[in-house]
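The block underneath contains the structure these notes are about, expressed in structure tokens.
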């Protein structure tokens, strides 16, 4: 059984709350030029449609910080400003409406710089994420531990956390990202045992859609199974829409997301008479807008379905130029192969409308 989630401090980010008993939220990051407000808003809107809960944007300069105000006018989810090197960009982002600031303790600079960011965040009532990245750990910490270790990553985070606490600031979120899955898992486990601040989970530089999905599913999924984590981001090279889809699938696979259609399908074999791959892909695409929790099966033959997919709410199983639609393991109707997809989608829509 999945372990009971650790109760962390509740923190408000724009119109969302994280930590405490709040749902685990899916975050992504735009890969547009933040200066280009139109393209950035367009991408965020697409991510919102996919179920993205929080969005982060890069703020490499003042122009990007000023763009936040205009971007915020057109989106519905909280916006996080991603800050590196220049603390003044954090302050400008806060002034222009950012709902949260992410800073990297390894490159933000001196204590007085962080103090100025904290003062601005306090004034606006927004949280700060201490986003540790293994690639930019402080030299003294690397020397102390002889390289990148879970203890080194956590110490870097806690060093900044203690500074924020000393300044009377407690609206803190922590992330501890490395590209090494076991190391990341151990770092989050260690941090979870030491603090009660919300943890943002992710594997940094995870890779392309296939390899990145696997690494993220193992890393994020393992931690969530242990009851650790309050927000997640699946870092993938490519369209960030995939990050949201994979993130939501991870939550759904663990029973932590109780909305949307889950499509299950057989791996196919020599008995298969229908194009399972095409059908399953199309069902997934055309049901992605549905919020009602449903499990839909696409099975290649009557051996795998309906019997082996009887836990599905509805499904199809292929035959010779025809197939069956089944509900909860019982055959509902026989349909010609060319009509299988449309008939299945009609039945799904009926189920969505049912109370």
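A Cβ is built for glycine as well, from the same backbone N, Cα and C atoms used for every other residue.
The model shown is predicted, which means the values in this text are computed figures rather than measured ones.
Marked as [4Fe-4S] cluster binding site by Swiss-Prot on the basis of sequence analysis: 266, 269, 301, 308. Annotation note: residue 301 ([4Fe-4S] cluster binding site) sits in a coil segment as assigned by DSSP. If you take the C-beta of residue 301 ([4Fe-4S] cluster binding site) and look for same-chain residues 6 or more apart in sequence within under 8 angstroms, you find 266, 269, 271, 272, 273, 317, 318, 319.
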DSSP three-state assignment (helix, strand or coil) for residue 269 ([4Fe-4S] cluster binding site): coil
Neighbour count (Cβ, 10 Å) for residue 266 ([4Fe-4S] cluster binding site): 21
